[in-house]
Amino acid sequence: GAHTGLNKNNVTEFILLGLTQDKTIAKACFLLFLVLYAIIIFGNLLIIITIKTSERLDSPMYFFLSYLSFLDISYSTVTAPKLIYDLLVGTKTIPFVGCIAQLFMGHFFGCTEIFLLTVMAYDRCVAIHKPLHYTNVMNKHVCGCLVTASWVGGFVHSLVQALLTIQLPFCGPNEIDHYFCDVHPLLKLACTNTYVISVLVVTNSGLISLTCFVVLSVSYVIIMVSLRTYSSKGRLRALSTCSSHVTVVILFFGPCIFIYMRPSTTFSADKMISVFYTIITPVLNPLIYTLRNEEVKNAIKKLWSRKVKRSET
């Protein structure tokens, strides 16, 4: 039968077709993504170090932000280094185990980030809607639990995705029309009817994206309604924080919902859209959150002036 799992597999590795077959475009992409990946690592590390070393940035918002930066580094590292390397080589291969591992890690960090963005919206919602109860509601313990829950949720989600995929028989074509291993492109290569599995995959990814999106939307609606009672200065400040959140959410959720909320037909557009949330969003997150945030900017300046002073003495 086709369902005896791994012993039907004579595919030991997959060939990734990558982003582009055009050598000139590939070289340009190589440089571009190398620079972007460096920005992701540097920018997000800077945020983590700033938040961990600054006494002033000890509110829940920054606690979550440091985890978001950590997730952005991890998430882009699952796909970017291989993508960058593959842009220079002829045949881009990935072993079966590596492929499943990449799929698992990608969904793990990606889903955890979706949960964390939702937690961050909830945090802003409490801060703006119930400012007097905020420190009681969002205490250290609650924040720790929310972050842990995000990680556990991401783990469960990606475990399901990986288990659904790993038991498929792969016996024939092994070319993946993508630059990393993901569920949809793999479902296309399985030597069996994947209808049921693709429904489960869509349900798993889709329901999470949709649920979080609803929670996010509700949070922001409550925020907008609550802001009517604020002074114009307080309103502007809250709006600036929230608009940066909303920007990140749209950039991350839009592509995710587009790619995972539909049956397993891979559009050629998927690759370009994936670049968006595997590379562009992790670059933009630190920029969006820091450039629009005076407290973080001041803390970064302090951090550097301390470093400069130390090196001068």
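Residue numbering: from 1, along the chain as shown.
Even glycines carry a Cβ here, placed using N, Cα and C.
Per TrEMBL, the features are as follows:
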TRANSMEM  25-49  transmembrane segment
DOMAIN    43-289  domain 'G-protein coupled receptors family 1 profile'
TRANSMEM  61-80  transmembrane segment
TRANSMEM  100-122  transmembrane segment
TRANSMEM  142-164  transmembrane segment
TRANSMEM  207-227  transmembrane segment
TRANSMEM  239-260  transmembrane segment
TRANSMEM  272-291  transmembrane segment
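In the predicted model, the domain 'G-protein coupled receptors family 1 profile' (43-289) has a mean pLDDT of 89. With a cut-off of 8 Å between Cβ atoms, the residues of this chain six or more beyond the transmembrane segment (272-291) that come close are 19, 33, 36-37, 39-40, 43-44, 46-47, 65, 68-69, 72-73, 75-76, 78-80, 83, 106, 110, 178-180, 182, 244, 247-248, 251-252, 255-256, 258-259, 297, 300. Long-range contacts of the transmembrane segment (239-260) within its own chain (CB-CB distance under 8 A, at least 6 residues past either end) are made by residues 61, 110, 113-114, 117, 120-121, 124, 128, 184, 201-202, 205-206, 209-210, 212-213, 216, 220, 223, 227, 270, 273-274, 276-277, 280-281, 284-285, 288-289, 292-293. Beyond its flanks by at least six residues, the transmembrane segment (61-80) meets 33, 36-37, 40-41, 43-45, 47-48, 51-52, 102, 105-106, 109-110, 112-113, 116-117, 119-120, 123-124, 127, 143, 146-147, 150, 179-180, 241, 274, 278-279, 281-282, 285-286, 289, 296 of its own chain at Cβ-Cβ distances under 8 Å. Tertiary neighbourhood of the transmembrane segment (100-122): same-chain residues 61, 64-65, 67-68, 71-72, 74-75, 78-79, 82, 94, 146-147, 149-151, 153-155, 157-159, 161-162, 165-166, 180-183, 186, 205, 208-209, 212, 215-216, 219-220, 245, 248-249, 252-253, 256, 277-278, selected by CB-CB distance under 8 Å and a gap of 6+ residues from either end. Same-chain neighbours of the transmembrane segment (207-227): 111, 114-115, 117-118, 121-122, 124-125, 128-129, 153, 157, 235, 238-239, 242, 245-246, 249, 253, 256-257, 260-261, counting only residues six or more beyond its ends whose CB sits under 8 Å from a CB of the stretch.
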